[in-house]
Amino acid sequence: MDALQLKRQLITFTELLFREGFLDEQFHQLQQLQDEKNPNFVVEVVSLFFEDSERLLNELAKALDQQNVDYKKVDAHVHQLKGSSSSIGAQRVQRVCIVFRNYCNEKNVEGCLKCLQQLKHEYAIVKTKLEALFSLEQQILAAGG
Amino acid sequence: MMESCNCIEPQWPADELLMKYQYISDFFIALAYFSIPLELIYFVKKSAVFPYRWVLVQFGAFIVLCGATHLINLWTFSMHSRTVEVVMTSAKVLTAAVSCVTALMLVHIIPDLLSVKTRELFLKNKAAELDREMGLIRTQEETGRHVRMLTHEIRSTLDRHTILKTTLVELGRTLALEECALWMPTRTGLELQLSYTLHQQNPVGYTVPIHLPVINQVFSSNRAVKISPNSPVARIRPLAGKYMPGEVVAVRVPLLHLSNFQINDWPELSTKRYALMVLMLPSDSARQWHVHELELVEVVADQVAVALSHAAILEESMRARDLLMEQNVALDLARREAETAIRARNDFLAVMNHEMRTPMHAIIALSSLLQETELTPEQRLMVETIMKSSNLLATLINDVLDLSRLEDGSLQLDDETFNLHALFREVLNLIKPVASVKKLHLTLNLAPDLPEVAVGDEKRLMQIILNIVGNAVKFSKGGTISITSFVAKAEYLRDAKTPEFFPVPSDTHFYLRVQVKDSGSGISPQDLPKLFTKFAQNQARLAARSSSGSGLGLAICKRFVNLMDGYIWIESEGLGKGCTATFIVKLGIPEQLKESKFLVLPKVPGNHVHANLAGLKVLVMDDNSVSRAVTKGLLLHLGCDVTTVSSSSECLHAVSEEQKVVFMDICLPGMDGYEVAVQIRERFAKRHERPLIVALTGHVDKMTKENCMRVGMDGVILKPVSLDKMRTVLSDLLKHRVSFEAI
């Protein structure tokens with residue numbers, strides 16, 4: 001496939017991601033920040049996000065596994081995750097975080113666990129999509145675009 | 001031999017027997033005369049009170065001398081010597097003297113003695129009188145005591161029956177009555193019924209007609225009246241005694257329902273109801289009614305009347321209170337039902353709100369999408385009709401939902417700062433297409449002193465203006481529609497047409513007055529009052545055009561205007577003469593001065609020149625690595641020199657005069673961004689050396705803003721930050737900083 005086709009594919013894919021709500025305007029902003037001075041800005045930020053999220057998801061699983069759940073800690077982690085996801089525009093993840101925080105306030109462990117599952121799910125999806133996006137970009141670069 | 005002696009010959013010849021008797025008598029007289037003074041002395045000595053001792057002495061002397069005389073006389077019966085005669089003579093002389101003196105003294109003494117006697121009698125009479133009075137007083141006091149006791153008994157209860165029964169019992173006891181009875185008037189008022197007696201347990205319903213002369217006599221006076229024991233009211237039991245039934249007294253007892261009355265002057269009303277109390281003394285006792293007993297009876301009757309009134313009033317008030325309680329309970333129930341109904345309605349509305357709007361929006365959205373596709377003219381027409389109908393339906397739904405929320409007061413205005421001029425321009429833009437189709441000319445006049453920015457509910461104000469202008473367009477077939485808008489001054493506010501409306505402008509508010517004049521079909525005078533009532537349609541206007549609204553538009557407008565503390569009215573000269581709709585609403589004056597230093601998502605991006613951001617040293621504090629990286633990237637892109645830290649301690653360590661701006665995330669649990677801000681401020685005393693502090697936060701609410709202002713931060717930005725926003729914020733920050741230094 002040549003660069004042009006790849007580029008069109010990239011555009012379609014990106015549009016799809018936006019339409020389906022995986023990403024929002026913030027991601028677009030990130031893309032705008034990428035320039036000659038900062039050629040890999042988006043990838044760097046997104047990698048940071050992956051690291052951070054995985055760590056936070058582990059912490060959450062551990063925290064919710066306790067007999068006496070420390071809701072303050074859980075809330076702190078979710079808050080962090082919400083912040084990160086909103087910074088890169090992972091809209092769906094961010095939405096789940098909001099619901100998660102509500103359950104935390106209500107000290108509803110069932111709800112929290114449900115949200116955690118959802119988070120993991122959403123995170124997995126968005127990670128896959130972003131990785132696909134990046135690989136497309138790589139391919140474009142490789143093809144000379 | 002006969003000697004010549006100086007003897008005196010007795011006058012008479014010595015008769016032996018007579019002589020003897022005289023001799024003995026004289027002896028006894030002398031004895032008595034000597035013993036009397038002795039007795040006197042003895043008894044006077046015994047008595048303490050005897051003021052006439054001298055008299056006694058004189059009397060004693062007189063008697064002694066008399067006695068002596070008689071004694072000496074004893075010697076003269078026989079031959080006696082001259083000495084005896086001399087002694088006898090001297091004794092007699094002395095006696096004569098003393099007796100004369102005594103006689104003379106007695107003239108003085110005897111009246112005195114007599115007067116003593118009179119005084120004694122007088123005092124005795126007085127004592128008797130006092131005794132009598134004492135008796136009277138004692139009786140009165142006892143009566144008083146009885147009355148008090150009776151009254152106490154009577155008044156200690158507020159139950160009618162107890163009062164009456166107690167009265168009879170106590171009266172019977174106090175006055176030792178044989179029988180005591182109370183006759184009460186029947187409902188009809190024509191008869192008296194025997195209601196209570198002292199000794200009969202259950203008086204059988206004797207009744208007597210009320211207009212008997214004896215009864216009238218008793219009722220016409222407020223005193224206790226003696227009546228004949230044979231009168232029908234007194235003949236309630238068979239005669240107990242053999243001879244004479246006891247005296248009977250009857251007194252009236254007023255039955256009142258007055259709440260305040262003077263005991264001493266019962267108003268003499270003719271329609272007064274009285275009860276009759278009959279008291280009978282025991283038969284064969286020959287007792288008579290004494291005055292004080294009658295007085296007692298009268299007083300008791302008065303007290304009973306008072307007590308009965310109180311009992312009646314109490315009954316009344318208890319009944320009223322029970323009624324009130326019932327009503328309260330009923331009202332409470334009704335209120336709760338109403339609340340439940342309202343809640344149910346609100347729930348229903350809330351659900352319907354969403355449920356109705358969703359499909360509505362779907363229809364509208366999809367039909368508009370459909371319009372974009374390839375359609376045959378017929379299909380296009382159909383789709384347009386669908387669009388129009390669904391838009392109308394959406395408006396209807398919105399109107400109804402709005403109105404019901406307005407009606408029960410659950411609607412609240414969303415006050416915010418907005419551009420007033422822009423609002424009017426947008427209205428114009430919205431209406432222009434329709435107006436041009438109908439060949440209507442639109443003019444907009446904004447007064448020069450109309451503020452550019454105001455505080456109020458922009459959406460709803462637009463709704464009001466659109467509704468009115470829309471009506472004007474709807475009901476006009478040609479001509480001009482003029483919209484005038486100005487600030488209502490105090491003189492204009494007291495309009496003759498708005499007598500109930502007294503707006504008062506102040507420093508923080510002003511009154512916007514908008515007038516929309518059209519030259520359309522007008523409104524007849526009888527329809528003017530109905531305009532703002534919901535669902536009422538103007539017949540003429542209905543005929544004038546084809547489409548119809550819900551009739552709710554003006555009603556909703558009025559509600560909104562009222563919510564904004566305003567007034568709306570429509571004037572028309574008549575059918576075909578056009579009409580003028582005017583409304584006044586209260587809008588707030590925005591606090592521009594306060595907000596100028598503080599930047600919160602500037603809504604009106606000014607055309608300011610972006611300050612040179614190149615090389616600007618900034619510090620970013622955020623514990624979230626992703627956010628930190630993004631913010632850093634942003635600032636780098638804008639050309640700043642960025643240092644990042646991830647904790648407050650690092651921040652304080654890294655901050656220096658070189659940094660011009662510090663961005664800090666404040667919604668970190670645990671780390672107190674505010675504390676850092678305070679410390680930075682303290683460290684840099686001089687203003688121009690201090691870096692500007694901007695807070696980054698995931699949500700901006702009033703409290704966050706206030707907290708930031710309190711610690712002295714210079715700005716607040718909502719995350720996530722876009723490139724343009726960051727650029728604008730930085731430019732504004734730097735610009736204002738320059739302006740600060742100029743001060």
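Here the Cβ of each residue, glycine as well, is placed from N, Cα and C on the backbone.
As the structure is a computational prediction, the values presented were derived from the model and not from experiment.
As given in TrEMBL:
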BINDING   B:Cys66, B:His70  Cu cation binding site
BINDING   B:Asn471, B:Ala472, B:Val473, B:Lys474, B:Asp518, B:Lys534, B:Ser550, B:Leu554  ADP binding site
CROSSLNK  B:Lys719  ubiquitin cross-link
DOMAIN    B:351-591  domain 'Histidine kinase'
DOMAIN    B:617-734  domain 'Response regulatory'
MOD_RES   B:Asp665  4-aspartylphosphate
TRANSMEM  B:21-42  transmembrane segment
TRANSMEM  B:54-73  transmembrane segment
TRANSMEM  B:93-114  transmembrane segment
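With B:Asn471 (ADP binding site) as the anchor, the candidate recorded positions are B:Cys66, B:His70, B:Asp665, B:Lys719, and the one with the nearest CA is B:Lys719.
The average per-residue pLDDT of the prediction over the domain 'Histidine kinase' (B:351-591) is 79, rounded to a whole number. In three-state terms derived from DSSP, B:Lys719 (ubiquitin cross-link) belongs to neither a helical nor a strand segment and is classed as coil.
Proximity to chain A, defined as a CB-CB distance below 8 A, holds for B:Lys719 out of the recorded positions B:His70, B:Asn471, B:Val473, B:Asp518, B:Leu554, B:Lys719. When the Cα atoms are compared, B:Val473 (ADP binding site) and the residue listed as 'ubiquitin cross-link' turn out to be 45 Å apart.
Nearest by CA distance to B:Asp518 (ADP binding site), out of the recorded positions B:Cys66, B:His70, B:Asp665, B:Lys719, is B:Lys719. Checked against B:Ala472 (ADP binding site), the recorded positions B:Cys66, B:His70, B:Asp665, B:Lys719 differ in C-alpha distance, with B:Lys719 being the nearest. The helix, strand and coil residue counts that DSSP assigns across the domain 'Response regulatory' (B:617-734) are 53 helix, 25 strand, 40 coil. When the recorded positions B:Leu554, B:Asp665, B:Lys719 are ranked by how far their Cα is from the Cα of B:His70 (Cu cation binding site), B:Leu554 comes first. Separation of the C-alpha atoms of B:Lys719 (ubiquitin cross-link) and B:Leu554 (ADP binding site): 42 Å, rounded to the nearest whole number.
In the three-state DSSP assignment, the secondary structure recorded for B:His70 (Cu cation binding site) is helix. Distances between the Cα of B:Asp665 (4-aspartylphosphate) and those of the binding-site residues B:Cys66, B:Lys474, B:Leu554 are shortest for B:Leu554. According to DSSP, B:Asn471 (ADP binding site) is assigned to a helical segment. The separation of B:Cys66 (Cu cation binding site) from B:Lys474 (ADP binding site), Cα to Cα, is 160 Å.
Rounded to a whole number, the distance between the Cα atoms of B:Cys66 (Cu cation binding site) and B:Leu554 (ADP binding site) is 147 Å.
Within the same chain, residues at least six positions away from B:Cys66 (Cu cation binding site) with a Cβ under 8 Å of its Cβ are B:Ile29, B:Tyr33, B:Thr95, B:Ser99. Cβ contacts within 10 Å of B:Lys474 (ADP binding site), excluding its own Cβ and spanning all protein chains shown: 19.
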